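Notes to accompany the following structure.
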Amino acid sequence: MAVQVVQAVQAVHLESDAFLVCLNHALSTEKEEVMGLCIGELNDDLRNDPKFTYTGTEMRTVAEKVDTVRIVHIHSVIILRRSDKRKDRVEISPEQLSAASTEAERLAELTGRPMRVVGWYHSHPHITVWPSHVDVRTQAMYQMMDQGFVGLIFSCFIEDKNTKTGRVLYTCFQSIQAQKSSESPRGPRDFWSSSQHISIEGQKEEERYERIEIPIHIVPHVTIGKVCLESAVELPKILCQEEQDAYRRIHSLTHLDSVTKIHNGSVFTKNLCSQMSAVSGPLLQWLEDRLEQNQQHVQELQQEKEELLQELSSLE
């Protein structure tokens, strides 16, 4: 029985530069949820090892050892462009999934590693970090295509009532099939409980799902990867494109009068200025500071190189 019920993923290792991009994206807007896809690889090499072919009680021990190595490594993320901006809902279009798969293939060729889309992330502004019933349902549908697919949630713009300071919470989860309601001895569960029972549209009523929390670890890096740096720079462009799409969609309506169009143009300009102040400005300052640090580090390395060369020449 222990071999049949196997947890798809035991842990997630998120690179610190990818975590930085996710955090910047989540903090870019306070009114709507944002979303992106995670690119990485699933470490399950031992599962296909021919030496794990035991049976009976011994198989259970070996299976448990194999399961412990199923770790998702997230190396970079792809920021998605929202076609429909809502406060409590965000979705992935098939076109975006296809584009993300193409990008993962490009990264696989570039790095020589089996990169693919391994998960998705989205933000929860002003609400709990735990996934809603819609999140659990969406995650279950993704896992029907890939059992190793994981979901990340970043809860931001949360204020601690005691210290009056803001904080950001994050979690990683998957969906698993829950027990039938007839087998559960307990009564109704809390809406945000980890034992929440969810029905999937189009499935039988007894096929319910609940979330399971996946341990997530941030892997520190001294430098920032090129792919993550490109994603961070791409964020202001994507936000600007979203505002342009929304403005053009409203501006194309024929029944609007001149005053309304002028008002809409003013709102569009205001939103762009807000983005420049909240996203583009701090990002530019951070890049300039990072460049200055890198230049200083290069000077230190050059000085160290000269000192080592002098020591080497003195030994000769």
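Numbers run from 1 along the shown chain.
Glycine is no exception: its Cβ is also placed from the backbone N, Cα and C atoms.
Within the listed segments 38-51, 122-135, 248-261, 262-275, Swiss-Prot records motif 'JAMM motif' for the stretch 122-135.
Note on S258 (phosphoserine): other Cβ atoms within 10 Å of its Cβ, all shown chains, come to 7.
Across the motif 'JAMM motif' (122-135), DSSP assigns 3 helix, 4 strand, 7 coil. On a Cα basis, S258 (phosphoserine) lies 37 Å away from H124 (Zn(2+) binding site). Rounded to the nearest whole angstrom, the C-alpha distance between H122 (Zn(2+) binding site) and S258 (phosphoserine) is 38.
D135 (Zn(2+) binding site) sits 42 Å from S258 (phosphoserine), counting Cα to Cα. Its Cβ taken as reference, D135 (Zn(2+) binding site) is surrounded by 20 other Cβ atoms within 10 Å in the chains shown. Neighbours of the Zn(2+) site: apart from H122, H124, D135, residues of the same chain with C-beta atoms within 8 angstroms of the site's C-beta centroid are E33, V90, S123, P131, S132, G151, I153.
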